[in-house]
Amino acid sequence: MTEATDGVLHTLFRTDQGGHEQVVLCQDRASGLKAVIAIHSTALGPALGGTRFYPYASEEEAVSDALNLARGMSYKNAMAGLDHGGGKAVIIGDPEQIKTEELLLAYGRFVASLGGRYVTACDVGTYVADMDVVARECRWTTGRSPENGGAGDSSVLTAFGVFQGMRASAQHLWGDPSLRGRKVGVAGVGKVGHHLVEHLLQDGAEVVVTDVREESVRRVLDRHPAVTAVPDTDALIRVEGLDIYAPCALGGALHDESVPVLTARIVCGAANNQLAHPGVEKDLADRGILYAPDYVVNAGGVIQVADELHGFDFERCRAKAAKIFDTTLAIFARAKEDGIPPAAAADRIAEHRMAEGRRS
Ligand SMILES: NC(=O)c1ccc[n+]([C@@H]2O[C@H](COP(=O)([O-])OP(=O)(O)OC[C@H]3O[C@@H](n4cnc5c(N)ncnc54)[C@H](O)[C@@H]3O)[C@@H](O)[C@H]2O)c1
């Protein structure tokens, strides 16, 4: 066994990664495709999760990311009440440099070879138009364009779900789901963040935003003159009188430097993997900050892509995404009952559903 394969196998079978069912390494030399498909669990149904296209520094890093992301999808899908297990794929390389139709078609053939054990969709570096191409080779593809029978951009329902999670957080903390008069800081006003701002304004909240892209901030301020902006996330999390902080940019927003200075009483946002490392959920709880687990409140997008597999219906999806309100409340109740942070309570509930719902 070489050092490299030893490294991959070690990662795969590490128990703290959660005991994956299957990992497929894919190579198509003609198109330059190198991909990893990781299936964490099919206990609740076919594994569902997006395809990340990213220039990983090494193949080990790609495998490790695929394993982590696939496991995360099992929990997210279970909590969203979907009959899907968790899976994720990564394509190794810079999408700007190597993404071609030929490569995506080759990738589609690999996903098809799994016969429906894994259903793919968009993630960082892949878009609706890419899924249209993959779908030409693989029927187990979702997140396609409306012109090709898909549901299109999932950020509308993701933002709606995050808003429901925020209302539930307000209900739990202040006894009233309304955000009227509350000051909410949104970090990252991209696809999800700017839709979230609209929900917040409609509900009567005061909104402060920030984004590294000036044009994203400008777009929000031009449309909504009542919104104010601060230069960066560091300034946003220290805004005086901030009630809610919504991380809607990249992962890792909650860490040893940011948690001690947060002025908000609630953290609820769209970004994946907000907790930078294990233990941050406890630091938040110790400061009396209510954290709505990211994978619970940002499930609107996966609810949409799952629905697309059965013929997309926006109202049906919206009704499902609205249930994020009840799910979030149930997590807070369980956290209180068990004396644990909400992130740990969410994991317990998801694990229970996976164990109970296991298909024989
Ligand atoms: N789109 C979906 O349906 C969906 C579903 C689930 C989770 N998410 C997660 O939600 C987050 C946002 O997704 P999106 O689709 O809106 O992405 P996006 O790329 O459209 O928006 C992200 C925004 O964050 C900004 N940003 C990046 N770094 C920043 C920083 N350090 N400080 C402030 N702003 C910064 C970017 O400029 C961009 O405007 C991501 O973490 C994504 O993984 C999205």
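Each residue, glycine too, has its Cβ placed from N, Cα and C.
TrEMBL entries are annotated by machine, without manual review.
Values in this document were obtained by computation on a predicted structure and should not be read as measured data.
As annotated by TrEMBL, active site, proton donor/acceptor applies to Lys88. In the shown protein chains, 29 other C-beta atoms lie within 10 A of the C-beta of Lys88 (active site, proton donor/acceptor). According to its DSSP assignment, Lys88 (active site, proton donor/acceptor) is in a strand.
For Gly188, Val189, Gly190, Lys191, Val192, Gly193, the entry in TrEMBL reads NAD(+) binding site. Under the three-state DSSP scheme, Gly193 (NAD(+) binding site) falls in the helix class. Long-range Cβ proximity for Gly193 (NAD(+) binding site), meaning a same-chain Cβ under 8 A and a gap of 6 or more residues, is found for Ala159, Val186, Ala187, Val209, Asp211, Ser216, Ala246, Cys248, Ala249, Ala270.
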### Query
What is the interatomic distance between the Cα atoms of Gly188 (NAD(+) binding site) and Lys88 (active site, proton donor/acceptor), given in whole Å?
24
### Candidate with the highest Cβ count within 10 Å, taken from the binding-site residues Gly188, Gly190
Gly188
### Task
Determine which residues of this chain, when Gly188, Val189, Gly190, Lys191, Val192, Gly193 are set aside, have a Cβ within 8 Å of the centroid of the NAD(+) site's Cβ atoms, and list them as they appear in the sequence.
Ser155, Val186, His194, His195, Leu196, Asp211, Ser216, Cys248, Ala249, Ala270
### Task
State the count of C-beta atoms found within 10 angstroms of the C-beta of Val192 (NAD(+) binding site), not counting that atom itself.
29
### Message
Taking the Cβ of each of the binding-site residues and counting other Cβ atoms inside 10 Å, which one has the highest number: Val189, Lys191?
### Response
Val189
